[in-house]
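Visitor: TrEMBL lists these features:
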- 110-123: compositional bias 'Pro residues' (COMPBIAS)
- 72-482: domain 'Major facilitator superfamily (MFS) profile' (DOMAIN)
- 95-126: region 'Disordered' (REGION)
- 21-45: transmembrane segment (TRANSMEM)
- 171-195: transmembrane segment (TRANSMEM)
- 201-218: transmembrane segment (TRANSMEM)
- 230-253: transmembrane segment (TRANSMEM)
- 259-279: transmembrane segment (TRANSMEM)
- 300-318: transmembrane segment (TRANSMEM)
- 338-358: transmembrane segment (TRANSMEM)
- 365-385: transmembrane segment (TRANSMEM)
- 397-417: transmembrane segment (TRANSMEM)
- 424-443: transmembrane segment (TRANSMEM)
- 455-477: transmembrane segment (TRANSMEM)
Amino acid sequence: MPPAAERMPWRWLAAGRASRRLVLVVVFVALLLDNMLLTVVVPIVPTFLYTTEYEGANSSVVPARTEPAPPALKAPPFSSMFSYFDNTTVTVSGSTSTAELANGTESSRPPQPPSSSPPPPSGCPEGEEFLAKENVRVGLLFASKALIQLVVNPSVGLLTNRIGYHIPMFIGFIIMFLSTVMFAFSGTYTLLFVARALQGIGSSFSSVAGLGMLASVYTDDFERGNAMGIALGGLALGVLIGAPFGSVMYEFVGKSSPFLVLAFLALLDGALQLCILQPSKISPESTKGTPVSTLLRDPYILVAAGALCFSNMGVAMLEPTLPIWMMQTMCSPKWQLGMAFLPASISYLIGTNLFGILANKMGRWLCSLIGMAVVGISLLCVPLAKNIYGLIAPNGGLGFAIGMVDSSMMPIMGYLVDLRHTSVYGNVYAIADVAFCMGFAIGPSTGGAIVRAIGFPWLMIIIGVINIAYAPLCWYLRNPPAKEEKIAILSQECPMQTKSYTTQKTLRDFPLTDDSDVEAENAE
């Protein structure tokens, strides 16, 4: 029947809007795209800046110096080519090389000049000083996203308490789409910096609203842990696909291609949000949430936030520095710069999904403690690698361990609010995202400067030792106490539990007499 057929899509939409699983799908896709954009730039930006700024500057300056030489010298073609090579690599003055060529010293031994100033090994980039400076610049560019997100997150947490999670989630999609398109067509460092900062604003809206929405929909602690594990699986999948996808597309198609693909996927995510979430609907929280300042004074929330910050800081320091270190020491081609992160991404995907369920059984505090210790050990092993295959084990261990920490700490944040504060989740997940962003802000910005000052191996030692030293603090999350007023609320909501305790106390009166059962019934 035509009327029934017309109503079918509307019935599907109505059922979808009431489904918790579709809400989980929306959050999964949003985190996936956000983290694909986060990591797709990792292998692209260092090589793109090297190609456009270093090689571009040298190719434009050097011909101007060598053009006048051929007519004055009448040198054979090979001699003039060698003069061009000398000027680019050894910094020989134009007058000196002109005099040598005029005297015929070079033409008498044409095969010898390369041995006098050996070029760098095949595949290794030139310009060591430029690459050292680029560590700092690339680190600041990567950190700009997290720094902006750090500033915006508290405001987004307050906004979700007032208007709900749906509209901020859709605002995040719009900003992320604009950022992705800007990345595709940016050709300078400044424009790339602005696009990265814009991504931070969109990511703040998406992550805070998405995680808060999940915590409000999945109220049971066990179900919430599973849902958070699946959502963080989207984050892991984005990290997994991003860097290899970006390096391969940049190598074989071009710089704009990966960003245009991500922009198309973002449009699909926006359509999904329009259908499922109804972002025009304002749905404020029924109760007022705990202020951010109060949550920040809770030591247990601070310990959980610190674990998120320091564990993610390790991989954040690797993002700008590892590709440049590989270019300098391993002479890696472009496609390998992204593939180096593949083991970490795959193991992170496995870790978040596995420990979303396991952490609830073995103790989330214990998973976090072990995870931070493994993060530290893995980071200490990274500088020992001599080629890309030597990075597989340490990067794999790093990703798996960060998956353990993230999938344990995200549900703990919601549990701590339930246990010690008001069960409104926007602000606490704003704090969780701030902790995550502090790792990705401090890591790249300081990592590049530390590498330039004391070298890449020392950077890995410093952040590895910090993670190992912080790990024992997770023990304090083993059995966090509830606040007194929260205990009173819980006792009012669960009167049977209080009654059972009083009954047990009454029946434990010794010595037992024949009238003890009657007394117990009267006490009830």
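Along the chain as shown, the residues are counted starting at 1.
Keep in mind that glycine also has a Cβ here, set from the backbone N, Cα and C atoms.
A TrEMBL annotation is a machine prediction, not a hand-curated record.
Give me the local environment of each listed feature.
Guide: Within its own chain, the transmembrane segment (201-218) has Cβ neighbours under 8 Å at 20, 23-24, 26-27, 30-31, 34, 38, 145, 148-149, 152-153, 156-157, 160, 165-166, 168-169, 171-179, 224, 226-228, 231, 410, 414, 425-426, 429-430, 432-433, 436, counting only residues six or more beyond its boundaries.
Beyond the ends of the transmembrane segment (300-318), by six or more residues, the same chain brings 142, 146, 341, 344, 368, 371-372, 375-376, 378-379, 382, 398-399, 401-402, 405-406, 409, 412-413, 416, 420, 428, 431-432, 434-436, 438-440, 442-444, 446-447, 459-460, 463-464, 466-467, 470, 473-474, 476-477, 480 to within a C-beta distance below 8 angstroms of the stretch.
Non-local neighbours of the transmembrane segment (338-358) in the same chain are 39, 42-43, 225-226, 228-230, 232-233, 235-237, 239-248, 315, 318-319, 322-323, 326, 332, 367, 371, 388, 391-393, 395-404, 406-408; each lies 6+ residues outside the stretch with a CB under 8 Å from one of its CB atoms.
Remote same-chain partners of the transmembrane segment (365-385), defined as residues 6 or more beyond its termini with a Cβ less than 8 Å from a stretch Cβ, comprise 304, 307, 310-311, 314, 318, 322, 351, 355, 358-359, 391, 393-395, 397-398, 400-405, 407-409, 412, 456-457, 460-461, 463-468, 470-472, 474-478.
Within the chain carrying the transmembrane segment (424-443), a Cβ under 8 angstroms from the stretch's Cβ atoms is held by residues 142-143, 145-147, 149-150, 153-154, 156-161, 165, 200, 204, 207-209, 211-212, 215-216, 285, 287-292, 295-296, 301, 304-306, 308-317, 319, 409-410, 413-414, 416-417, 463, all 6 or more beyond its ends.
Counting residues 6+ beyond its ends, the transmembrane segment (455-477) has Cβ neighbours under 8 Å at 299-300, 303-304, 306-307, 310-311, 313-314, 317, 321-322, 325, 364-366, 368-370, 372-373, 375-380, 382-383, 412, 443, 447 in the same chain.
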Visitor: Can you tell me which of 21-45, 230-253, 397-417 gets the most C-beta pairs within less than 8 Å of the transmembrane segment (171-195)?
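Guide: Out of the listed stretches, 21-45 contacts the transmembrane segment (171-195) most.
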Visitor: What stretch, picked from 21-45, 259-279, 397-417, has the most CB pairs under 8 A with the transmembrane segment (230-253)?
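Guide: Maximum Cβ contact count belongs to 21-45.
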Visitor: In the predicted model, what is the mean pLDDT computed over the domain 'Major facilitator superfamily (MFS) profile' (72-482)?
Guide: 79
Visitor: Under 8 Å between C-beta atoms and at least six residues away from its ends: which parts of the chain pack against the transmembrane segment (21-45)?
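Guide: Same-chain contacts beyond the ends: 138, 141-142, 145, 169, 172-173, 176, 179-180, 183, 192, 196, 199, 202-203, 206-207, 210-211, 213-214, 217, 227, 230-239, 241-243, 245-247, 250, 255, 258-259, 262, 265-266, 269, 272-273, 276-277, 319-320, 323, 334-335, 337-338, 341, 345.
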